[in-house]
Amino acid sequence: MEADQKKINPWNVYPGAFIGWMVDGFDLSMMFLLIPILAPQFFPKSSAIAIIGVWSIYTITLVFRPLGGILFGILGDKIGRRKAIFAAVAGLGLSVFLTGFLPNYHTIGVWAPILLTFLRVLTGIFAGGEYSNSAVIIVESAEKDKRGRWGGAIQAGYAVGFLVAAILFLFLHYAIPKESFANYGWRWMFWSSIFLTVIALLVVKYRMIESAKWEKAKEEGKTKKMPLTEILKNGETLKEVLTGILFMVGMSWIYGLTLGFFPTVLALGKQFVFPQTLYVVIIALTAAVIGYLSSGFVSDYIGRRKTVITFSLIAIIISLFATQIISKTTNFTYCAVFASILGFFSAGLYGVTPTYLSERFSTHVRSTAVGISFNFGFIFGNWGTAILLVFTKISSSNFPNMWSAFIIFGEVLVMLSALLSKETKDIELH
């Protein structure tokens, strides 16, 4: 009876998993917002490669996510989701917090970017491990007919973290003089992460309970097996991992070309100035959060595959004209509205991700398999924006069409994954 009660009460695990995922979203988004400010802090001011250098260090965070997904996925499958989440969130929060104390290039020279790189490597490992278990434990703890909506609620944590980072950045922009913010104000962005981290750890320690599904697998002796070996030697499981990676390549490709790309398009297109560009992002992020919740909710009724295909088809149609408007209009309202609609259907489909990935795997390998699927897809898909800018400039006349074509490519990958997968909405997790 106790195990059943745990199974149908997601509130026992949701707050800790949500805040942990918020910390991840806060960190990656904060780094994205701070790149122009961090460049002269960690590289010579006169260096033409300063921006490229910080972007490269940012990318290193993504490169090491798969390693974290594997390591903490294995931990989650071997010692439990709750313990793995606690360790990952603690490591993630500490790595981000310590970044705020790093001396700059003018103090310690080349050691500044080296130390930043080291902390970003750790951040990537811990971030990859956090999602591997947070997504899984909420899906394992929810009732079968509500797994989608709970998954969407967890996924919204990332966008909420992005929102918090954007709002904090905006607040500090006005609260601290521009020169002071460039010199030391950015450090407060990193230091503030400790508050979210402490809250998450307290909630995980004192409120979160272990997944009843995992406890049952442990009682049956299944957790003694090495999950990575089990995945590699089982052809069906490996196929599910590959289709999961395909889905995540498409989703991260789309996210990077929409919510992650809006600030660059608006700034380089010179239609708006700061903070208007950030206001558009905040509004679009809010719409995306609603999209996360909506896609997860809808998937509980029509299934994961139909939801993925429906949202993707609508996003394809919207992208054909939304990219034209966002990249050309000087009307703030039009820009915010179409960025929000595109964000709702494209990035909003992320709400299906926790259930879409978790339901396809057995309990004794679920955290490892989800960690591999999510994080390997995440790293490959995040190159979409860079590849687009190789083919076209934001100022060129064909940019809107190329932008739309790249978004459509990502949507096609997502739909292809759905077409290659079986429906899992009504299955019993085992």
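Using N, Cα and C of the backbone, Cβ positions are placed for all residues, glycine too.
Note that TrEMBL annotation is computational and uncurated.
For reference, TrEMBL has these:
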TRANSMEM  12-35  transmembrane segment
DOMAIN    13-425  domain 'Major facilitator superfamily (MFS) profile'
TRANSMEM  47-72  transmembrane segment
TRANSMEM  84-102  transmembrane segment
TRANSMEM  108-129  transmembrane segment
TRANSMEM  150-176  transmembrane segment
TRANSMEM  188-206  transmembrane segment
TRANSMEM  241-266  transmembrane segment
TRANSMEM  278-295  transmembrane segment
TRANSMEM  307-326  transmembrane segment
TRANSMEM  332-357  transmembrane segment
TRANSMEM  369-391  transmembrane segment
TRANSMEM  403-421  transmembrane segment
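Here the transmembrane segment (47-72) lies next to the transmembrane segment (108-129) in space: the count of CB pairs under 8 Å, restricted to residues six or more apart, reaches at least 3.
In this chain, the transmembrane segment (188-206) touches the transmembrane segment (84-102); three or more CB pairs sit within less than 8 A of each other, excluding pairs fewer than 6 residues apart. Of the Cβ pairs linking the transmembrane segment (241-266) with the transmembrane segment (188-206) and spaced 6 or more residues apart, fewer than 3 are under 8 Å, so the two regions do not touch.
Of the two recorded stretches, the transmembrane segment (12-35) lies close to the transmembrane segment (150-176), with three or more CB pairs under 8 Å once pairs fewer than 6 apart in sequence are set aside.
Same-chain residues lying 6+ beyond the ends of the transmembrane segment (108-129) with a Cβ under 8 Å from its Cβ atoms: 24, 27-28, 31, 38, 41-43, 53, 57-58, 60-73, 75, 84, 87-89, 91-92, 95-96, 98-99, 102, 371, 374-375.
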